Amino acid sequence: MRYMQDSSMPCQDASPPDVGAAPRRATRAVRVQWGGRTVTVGGNASVVVQSMTNTDTADAVATAIQVKELAQAGSEIVRITVNTPEAAREVAAIREQLDRMGVEVPLVGDFHYNGHKLLTQFPECAQALSKYRINPGNMGGGKRRDDNFAQMIEVACRHDKPVRIGVNWGSLDHELMARKMDENSRRAQPWEAQAVMRDALVVSAISNARRAEELGLRSDAIVLSCKVSHVQDLIAVYRDLSARCDYPLHLGLTEAGMGSKGIVASTAALAVLLQEGIGDTIRISLTPEPGGDRTREVIVAQEILQTMGLRAFTPMVVACPGCGRTSSTFFQELADSIQSFLRRQMPLWRTRYPGVESMNVAVMGCVVNGPGESRHADIGISLPGTGEVPAAPVFIDGERTVTLKGDHIAEEFQAIVEDYVARRYGAGITHQE
């Protein structure tokens, strides 16, 4: 008879399980610059958060306003569509408006079909952008495609701009795909069509990067992406791509969708890759709800990186989901109120209180886990549940400090949080690991 080992017995020579993401894959460092600001993608730099406007770029005022909103939300690079002469003509004006507002976030021009013409005809547009996104699948076919691609790379070299070669399965080079399918038909054991498509995406990205280098673009001025809209395909494509090259990689699940579906799908795909050390910059391609806030994609990107422990952007609130023990929705309202308060304060706190972005706050709804979670947090409050004494103890750095009662618990706790931030981080005390 076999017996299971008693898990309470100490193990000789046992090591604790590894915690944390795998080491980042080694990539070249690409510098995206504007004014006095440099955002490094790849190398040893942190994973960069990107976003994209959905305004008509020909409307310079609306586009500049949205770029500012995205930058203030935390986007470190913002991409804008450049699809018409009218749009290209306004890019320099958008850049000028942003500079006047003190917004030095680098702009990336997103080009399809006619980018070679627009960059050539509007040199002020080419200069005002910090980076170009090129989709080799939307540049025509045969020699025309090669000439158009070469023309865009020549402009990038002339203006010393980095380029993202972004391949998308919705616009994959038809000639390349046909060739890959033909090669597959001659295999002893042909691959399924989806596998051929994934291979074609990777081949397209890398071969175009090599061609760009042959045309004179520096290897440290190239970023690659291969976007698909299915989670498992994206994971497989980027694993393959990362194994075949050392260019920095831009991650994103294209057409992720709306609301919770888009957030869940993007998180499921990107979290796996980031955990494996793959990915140097990310963008969450959410379809906004009607009248929704475009900055939502920035917040989701930040939350993915922060919850994985890869970066810290804003203090995070831990809150219980609620159950039959919680007597009201007050703790939920308080958790939401505190998280919103923390985000509102971050533009000021980021410069005044270094390290505050790593602070953890707990807002709990009953005695079961409330005191424990509150002690684990930097600062926490445990609200009373059903049948409990109507009092809310506050814990600071693991110690119970004060008990709040009455109708003004929310206001009093917010004031305690603000005082704690000023005392702890204003004194230059770093966040405890």
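Quick reminder: no glycine exception, Cβ is built from N, Cα and C everywhere.
As recorded in Swiss-Prot:
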- CYS320, CYS323, CYS366, GLU373: [4Fe-4S] cluster binding site (BINDING)
- 1-10: compositional bias 'Polar residues' (COMPBIAS)
- 1-24: region 'Disordered' (REGION)
Going by DSSP, is GLU373 ([4Fe-4S] cluster binding site) part of a helix, a strand, or coil?
helix
When you measure from the Cβ of CYS323 ([4Fe-4S] cluster binding site), which residues in the chain that are at least 6 apart have a Cβ under 8 Å away?
GLY365, CYS366
Cβ-Cβ under 8 Å from CYS320 ([4Fe-4S] cluster binding site), same chain, 6 or more residues apart: which ones?
THR326, PHE331, MET364, GLY365, CYS366, ASN369, GLY370, GLU373
Could you check the binding-site residues CYS366, GLU373 and say which one's CB has the fewest neighbouring CB atoms inside 10 Å?
GLU373
